[in-house]
Amino acid sequence: MVLMQAKWYYYILLGIVDVEANFLVVKSYQYTSLTSVMLLDCWSIPTVMLLTWLFLKTKYRFKKITGVVICVAGLVLVVFSDVHAGDRAGGSNPSKGDILVIAGSTLYAISNVSEEFLVKSADTVELMAMLGIFGGIMSAIQICILERNELKSIHWTTGAVIPFLGFSVAMFVFYSLVPVLLKTNGATMLNLSLLTSDMWSVLIRIFAYHEKVDWMYFLAFGAVVVGLLIYSGGKKDEIQQHPNVGEEDPHPMKQDEEANSGHENKGSEAGSSKTWVA
């Protein structure tokens, strides 16, 4: 009973974190450009790596860390680009928007790592159900407190409803598929995969909206691409250590935790053994 109560509280906190992450990132679009938001979300990658290292006992090789550092260097270039070309950045206050999206990305990282732990140690259907329920409740409360004036000012026409429906469908599909990727590949790979959307944002901004893109964006995007290539360049070797050859261990998790000599521990069991990412 105590464990179930703790899980309920955990689901509530996870719902709050997820809602606030979405709120901050969406709010940042009001102040900065689409390109900045899409590129600055790479901040979630080092945050995810730190959290998985601390709580899920995942250890990253030097090559992986180097790739992340280069991605973060691209992130810094985006911030300087918005300050340098604020009149063309597509927002009223680019610096404020950058801060909001970085804060939202940090909360996204916390949410992703928490979800990774839950999908590997609890029921995925339960996670999605509880996240949907508590996330919906928190969103309704937040709208009533912070966005009630904006909600009243909306003129509900067909042109206004369709974007909301499209966004809702996109988020439904996204959150339905996220647990699958988290269970198979982990939170770090999820956040790395999301960076591929940066290329599309730049192309849409140039060809659909006919907006100018500061040259530092291309340099920053190049740094992110190089960092991703370095991160994903190595092969991932995972070797599960067995206590005795030819003898089945009735307690594999316990043996994996207690093994301290002979071989490196490369198990992938979340929350109990260590994962080495080559």
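Every residue, even glycine, has its Cβ placed from backbone N, Cα and C.
TrEMBL does not curate its annotations; it predicts them automatically.
In TrEMBL this protein carries:
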type     : residues : note
COMPBIAS : 248-267  : compositional bias 'Basic and acidic residues'
REGION   : 240-278  : region 'Disordered'
TRANSMEM : 7-25     : transmembrane segment
TRANSMEM : 37-56    : transmembrane segment
TRANSMEM : 68-86    : transmembrane segment
TRANSMEM : 127-146  : transmembrane segment
TRANSMEM : 158-178  : transmembrane segment
TRANSMEM : 215-234  : transmembrane segment
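The stretch with the most CB contacts under 8 Å to the transmembrane segment (127-146), chosen from 7-25, 37-56, 158-178, 215-234, is 7-25. Long-range contacts of the transmembrane segment (37-56) within the same chain, counting only residues at least 6 positions beyond its ends with a Cβ under 8 Å from a Cβ of the stretch, are 25, 28-29, 64-65, 68, 71-72, 74-75, 78-79, 97-98, 101-102, 105-106, 108-110, 112-113, 116-117, 186-188, 191-192, 194-195, 197-198, 201-202, 217, 220-221, 224, 270-271, 275.
Only residues 6 or more beyond the boundaries of the transmembrane segment (158-178), in the same chain, are considered here, and those with a CB under 8 A from a CB of the stretch are 112, 115, 128, 131-132, 190.
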